[in-house]
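Copied over from Swiss-Prot:
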- Asn8, Glu380: Mg(2+) binding site (BINDING)
- Lys15, His206, Leu207, Gly208, Asn209, Gly210, Asp281, Phe282, Arg283, Gly329, Val330, Gly331, Glu332, Asn333: ATP binding site (BINDING)
- Arg89: substrate binding site (BINDING)
- Asp146: active site, proton donor/acceptor (ACT_SITE)
- His178: site 'Transition state stabilizer' (SITE)
- Arg239: site 'Transition state stabilizer' (SITE)
Amino acid sequence: MHKIMAINAGSSSLKFQIFTMPGEEVLVKGLIERIGLPDAIFNMSFQNEKIKETRAINNHGEAVEILLEQLKTHQVINDLNEITGVGHRVAHGGEAFVSSCIVTDDVVKGIEDVTSLAPLHNPANIIGIKTFRELLPNAVSVAVFDTAFHQTIPEENFLYALPYELYEKHHIRKYGFHGTSHKYVAGKAAEVLKKPLEKLKIISCHLGNGASVCAIEAGKSVNTSMGFTPNAGLMMGTRSGTIDATIIPYLVDELGYSLDEVTHMMSSESGVLGVSGISSDFRDIEIAANEGNSRALLTLRMFTGQICNYIGAYASAMNGCDALLFTAGVGENSPLIRKMVTEQLSYLGVTCNVTKNNAGDMIISNDDEAVKVCIIPTNEELMIARDVEKYTKQTIS
């Protein structure tokens, strides 16, 4: 038995879990928020204890040092060498990384080379990797890429209709994201439905502040809604999703915006927040919609309509759908969103049992339906730990 840590470093946060492997038992989990501010928050829970502290944490390096200190102080671990592997979620691996890999200096450089494709995510991922490599030099560091699962998407689905040399020379193409989540829930759905993953056509809806839909056939991603960057596809909490590309030069040339302002607008001021004018959080939108707010209602119709457009397209492309999955914060916790989506898919044979949906059952379709509609809680940290486990076994052997 050994201990593996899964790390998800955000721009101002650090999410962590330690698993005992191979049993996959969660030893400790937590979240460090508001990194860089004087009132950063350290949360950690283990056994029956919960710790919450507010303190100044200036950067990710400090956050990691404090985390390792706290693990020893509370005797979650006695020696840092007990941690045999650390897995890092990395948002964008470009075409260079088709699977998870052991981190080397060359791997770090490769991640740095594609930072411009995920400017909000990759820099924090890199800081996390460098800090843990320095402080836990004996642990195997593994990079697990959000884009890797989508490397099986065929060329006709990942190419943009731009001059082909832009792909050949500059690798401009659809990459897709949330791959670790889509891969996990597809495998879990096969377990729940008691069917081989290789025999299933699955459409997975990862709906959170970031959102994407993925077509999965025989366990492999064949298409997904996000694109060259995580800004494409569905409207999201603050991201516009896919828009007519010529809107951008129009905003710059005709309305006087700078390119930086447009980029900020599309990533931080658009989507659910931009349309509703209320919030980027669907809980707030649902409350406002229930009170009759017209723009909140419009936001819900737009979001669920876009999801259904992708589901319809992917079901057509795969010539069917055996399972429709809802996961992530909104997908797992919003009966209203699930209801609004499934109501528009009756032509596919999709149903949503009201009682099961409101109760949050794992299978919410009627028992006799061919298309199974499931709520599958995602567990990206466990997928990361499993990938690390493979490499620690190889290293030890």
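Our numbering is plain: 1 for the first residue shown, then up by one each step along the chain.
Cβ coordinates come from backbone N, Cα and C, glycine included.
Feature annotations (Swiss-Prot) mapped to structure.
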residue : record                             : Cβ within 10 Å
Asn8    : Mg(2+) binding site                : 24
Lys15   : ATP binding site                   : 18
Arg89   : substrate binding site             : 23
His178  : site 'Transition state stabilizer' : 30
Asn209  : ATP binding site                   : 16
Asp281  : ATP binding site                   : 16
Arg283  : ATP binding site                   : 12
Val330  : ATP binding site                   : 26
Glu332  : ATP binding site                   : 17
Glu380  : Mg(2+) binding site                : 25
Set of same-chain residues at least 6 away whose C-beta sits under 8 angstroms from the residue listed as 'active site, proton donor/acceptor': Arg89, Val90, Ala91, His92, Gly93, Phe177, His178, Gly179, Thr180
Spatial separation of Arg239 (site 'Transition state stabilizer') from Arg283 (ATP binding site) - C-alpha basis, Å: 17
All-chain count of other Cβ atoms within 10 Å of Arg239 (site 'Transition state stabilizer'): 26
Minimum Cα separation from Asn209 (ATP binding site), reported as the residue among recorded positions Asn8, Arg239, Glu380 that achieves it: Arg239
Other CB atoms, at most 10 A from the CB of Leu207 (ATP binding site): 28
Spatial neighbour of Glu332 (ATP binding site) that is closest, considering only the recorded positions Asn8, Arg239, Glu380 and their CA atoms: Glu380
When distances run from the Cα of Asp281 (ATP binding site) to each of the recorded positions Asn8, Arg239, Glu380, the nearest one: Arg239
